[in-house]
Structure formats: C-alpha cells, structure tokens
Amino acid sequence: SSRPLKKGEHPMCKEHEDERINIYCVTCEVPTCSMCKVFGAHKDCEVAPLQTVFQGQKTELNNCISMLVAGNDRIQTIISQLEDSCQITEENSEAAKRELCARFDALAALLEEKKAELLQRISQEQADKTAFIQSLICQYKEQLEKSSRLVETAIQAAEETGGAAFLLPSVLSPPRIVEASKGGCLDKIEQGYESMDAFSVSLDHLTEAVHALDFDPAEEDEEYFDGEEEEVEE
C-alpha cells in the first residue's frame with residue numbers, strides 16, 4: 001500500500017486488498033499473500049513462512065549491524081591514532097626546528113668568535129708594522145734634522161773668506177760629514193712590507209660544506225611510517 005503504515009499495523013496485499021501479507025516469495029524475494037501464491041503472480045514461485053524469513057533476515061541484519069558497529073569502532077580507533085600521530089608529528093617538527101636553530105646559532109656564534117680572533121690578529125700585525133714604520137720615521141726625522149743643521153753650518157762656512165776662520169769649526173770635519181751622510185744606512189722596510197696578503201682566508205671549503213648541509217637519512221622513521229601504513233590497511 002502507498003498509505004504509510006502505522007506501528008503495529010499489518011500490511012495488506014495490493015492485488016488482493018482483503019488479504020494480509022503472510023508469506024514470503026523466496027524466488028522473487030518479496031513478501032506476498034496466500035492468494036498471490038494460489039492464483040496470482042507467485043503461483044509458480046517457491047515460498048516460505050513470513051515469520052521464518054523475518055526472523056532469519058532480522059538475525060542476519062543484527063549480525064550485520066554488529067559488524068558495522070565493530071568496523072566503525074576500528075575506524076574510530078584508527079582515526080584517533082592518526083590524530084595522535086599528527087599531533088606528535090607537529091610536536092616533533094617543532095622540536096627538530098628548535099634543535100636546528102640552536103645548532104645554526106651555535107655555528108654562527110663560533111664563526112663570529114673566529115672572525116673576531118682573526119680580526120684581532122690582523123689588527124695586532126697592523127699595530128706592529130705601523131709602530132715599526134713610525135720608529136723609522138722618527139729615526140729619519142732625527143737624522144734629517146741633524147743633516148739640515150750641518151748643511152746650514154756648512155753654508156755659513158762656505159761664506160767665510162778667511163782661511164784660518166774657515167778651518168777652525170770642527171763641526172765640518174770629514175768624520176762628522178761622513179756620519180751625517182749615513183742617513184741612507186738606517187733601517188728600511190722591505191718591499192711588500194705593507195702587504196697583508198698573509199692574512200687572506202679561503203672560505204671555499206666552508207661554502208661548499210654549507211651548500212652540502214642536509215639532514216641525515218631517517219631510515220627508522222621510514223620503517224615506522226611503513227609499519228603504520230600496514231596497520232591502517234589492516
């Protein structure tokens with residue numbers, strides 16, 4: 001009937017409105033009435049008691065429901081495990097990021113410390129060289145001053161007209177003049193003394209090492225992930 005049935009109301013046959021549906025056509029897999037079996041569309045079909053088929057299918061349905069509920073429980077368990085795995089993955093990722101940042105920060109601090117050490121060595125070499133050069137400048141200035149005074153005295157002596165007066169100043173004696181001319185015999189700096197090429201540092205190997213930085217192979221993680229996939233498939 002197209003009319004919706006009320007709870008507990010017994011359905012009637014569409015073909016025989018006065019007949020209640022009381023048997024089950026096994027061949028067509030539909031419930032029907034006795035008149036349909038005797039005279040109607042199901043007279044050549046195999047039939048069974050409605051209550052027997054009802055109890056059997058109801059039992060089978062209950063078993064299917066139990067299987068579905070058990071399956072849903074397993075799926076929910078897997079979902080919970082995957083959600084836990086997702087959270088653990090996020091936590092492990094944050095920990096890995098913190099560790100990576102700490103390692104790079106330590107490396108950067110080490111590089112800064114090494115840079116400061118090398119800069120200090122360059123500064124010390126600069127101070128030593130400039131101090132030596134300044135000492136030479138002082139020596140040459142002192143020698144220039146002595147030689148300049150001697151030149152002034154020699155000019156004054158050259159203007160002397162009297163032989164006796166010319167010969168009297170001992171300052172113009174040959175030893176004094178020879179000593180004054182020794183300015184070129186003072187210490188000198190070697191060619192290339194100003195160069196700082198010795199403090200050149202090649203960082204090519206470090207640059208290559210930085211470019212080659214990568215994570216270590218995580219074989220254990222791959223095995224764990226594969227095992228987890230097998231568990232999910234089960």
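Backbone N, Cα and C atoms are what each Cβ position is placed from, and that goes for glycine too.
Remember, TrEMBL labels are computer predictions, not curated facts.
Copied over from TrEMBL:
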type	residues	note
COILED	79-161	coiled coil
DOMAIN	8-50	domain 'B box-type'
DOMAIN	158-216	domain 'COS'
| message | Just to be sure I understand, if DSSP states are collapsed into helix, strand and coil, how many residues of the domain 'B box-type' (8-50) fall in each? | response | 6 helix, 11 strand, 26 coil
| Across the domain 'COS' (158-216), what does the pLDDT come to on average, as a whole number? | 76
